[in-house]
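**Q** Pasting in a structure now, in structure tokens, and then I'll have a few things to ask.
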Protein chains: 2
Amino acid sequence: MGFKRIKLVIEYDGSFFHGWQVQNNQLSVQGEIEKAIFKITGEKVSVTGSGRTDAGVHAFGQVAHFDTQSRIPAEKFAVVLNTVLPPSIAVISSKEVSPDFHARFSAIKKTYKYKVLNRPMRSPIMDKRAWHVPWPLDIESMNRAAAYFIGRHDFTAFCASGHNVKNFVREIYVSEWTEEEGCFVYTVTGNGFLYNMVRIMTGTMVEVGLNKRSAENIPELLEKKNRRLAGITAPPYGLYLWEVFYDEENPNGRPGREECFGGDDE
Amino acid sequence: MGFKRIKLVIEYDGSFFHGWQVQNNQLSVQGEIEKAIFKITGEKVSVTGSGRTDAGVHAFGQVAHFDTQSRIPAEKFAVVLNTVLPPSIAVISSKEVSPDFHARFSAIKKTYKYKVLNRPMRSPIMDKRAWHVPWPLDIESMNRAAAYFIGRHDFTAFCASGHNVKNFVREIYVSEWTEEEGCFVYTVTGNGFLYNMVRIMTGTMVEVGLNKRSAENIPELLEKKNRRLAGITAPPYGLYLWEVFYDEENPNGRPGREECFGGDDE
């Protein structure tokens, strides 16, 4: 019997979940979406995300796919799922894609943002939505540091240890700090990310902004490939998976994609 | 024995509270601040706000004052209070002011913002922080409507009934819609506001944006002074008390201030 593959774009407030991935007896985004699909179709499906996000990490544009035999039109899934999903998750769009499409392996680029609230006092409105750094940050030197990440590098120094990855080389296309609504916001786009990579890059750049290390330390860290020399891992609740990019004309992607998207992710 | 008067600037996430004002057995912002002051000084003080905010309404810059005999330096109150306040409330600054200063009666202007999320799907990240209007809004006609509020008008049509106010005349200095981070944001500054005034103005302008009424209906509503002819009351969780302005050189304010700040507020 035929099935169709549906692509979902998903927003969630990560502070309510133990991360994207289904885990025993823990509230997960994936689990809530699978439950919602069961409620409306009666099908027990497995939802595949573009990558995991840790507990507390938010998403504006997580992408996932699943297969269904339901007659609900693909575009209607978003509206119908939102009626049964909790307020902390919403499907922004849904559409039918080729059975070759894979949320993880077809991805060609991802954008993350990281929000830092930089002022003396904490902010109730930004609670669990930004990292509060109360000491003044030098955004110019942070931007000098950010520029060193652009290009193709070995990110071993910026990857949490204990994970089963072989290739630590990733290419970064965009890496910059801007100021938005009283926060410093780091935007990074790359062809793939290692586990905790954006959070370690952010923690290291915040140390640059606090004058604890110089921007010129970044190329040295990339060179030395030693996690211990890099900075702290910034907390999860400032991180947003912003957008996942696909070449939908060519969902099988480019050769060697699994090198970047087969390993652990943020 | 001498006392000093302290002015606080306060931010809070209104979704956690039954409003600013202390009510029987309900969680209120005022009550939490009074408890926090008691914890650090041992004094049972009464905290006076610039005005009430309803359940769900947020504040970036609520102002309040209280009197204390504590030896804690005025500027330190902010830091110390934040250590005992819940994450949903923070004191942004504290300072000593003249005993003539009154958070409500000395205020000369207030700014509110109202956030409308205008897209088909709801947003988990903006849940309880913006009003979700899923149908397309015409921001140009909403801005034409907003401009009619500028100046000195009788706002009877934009005041919830059943409140003990005699003078419905208020002066509006700024009234405009802008686009910020995917939301339409209404900014309004005036010399005072009636109960639910900003929410009824917003609800009415959203009806203009949906083409349910024309922008040119606003002067007519101001003229006819009938609440029933105006639009719906926009929900509380999109509203932010943004800033309260004072002439601190002259805390007794201008004559007739109680006309604007003696009545009920948002």
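Glycine is treated like the rest: Cβ placed from N, Cα and C.
Remember, TrEMBL labels are computer predictions, not curated facts.
Under the heading domain 'Pseudouridine synthase I TruA alpha/beta', TrEMBL lists A:10-105, A:145-247. Under the heading active site, nucleophile, TrEMBL lists A:Asp54. Look at TrEMBL and you will find A:Tyr112 tagged as substrate binding site.
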**Q** Taking the Cβ of the residue listed as 'active site, nucleophile' as the centre, count every other Cβ atom within 10 Å, in any protein chain shown.
**A** 20
**Q** What three-state class does DSSP give A:Tyr112 (substrate binding site)?
**A** strand
**Q** State the mean pLDDT for the domain 'Pseudouridine synthase I TruA alpha/beta' (A:145-247).
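**A** Taking every residue in the domain 'Pseudouridine synthase I TruA alpha/beta' (A:145-247) and averaging pLDDT yields 95.
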**Q** What's the CA-CA gap between A:Tyr112 (substrate binding site) and A:Asp54 (active site, nucleophile) in angstrom, rounded?
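**A** With distance taken Cα to Cα, A:Asp54 (active site, nucleophile) is 13 Å from A:Tyr112 (substrate binding site).
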**Q** May I have the DSSP-based helix, strand and coil counts for the residues of the domain 'Pseudouridine synthase I TruA alpha/beta' (A:145-247)?
**A** 33 helix, 32 strand, 38 coil
**Q** List the helix, strand and coil residue totals of the domain 'Pseudouridine synthase I TruA alpha/beta' (A:10-105) as derived from DSSP.
**A** 27 helix, 27 strand, 42 coil
**Q** Over all shown protein chains, what is the count of other CB atoms within 10 A of the CB belonging to the residue listed as 'substrate binding site'?
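**A** The residue listed as 'substrate binding site': 24 neighbouring Cβ atoms within 10 Å.
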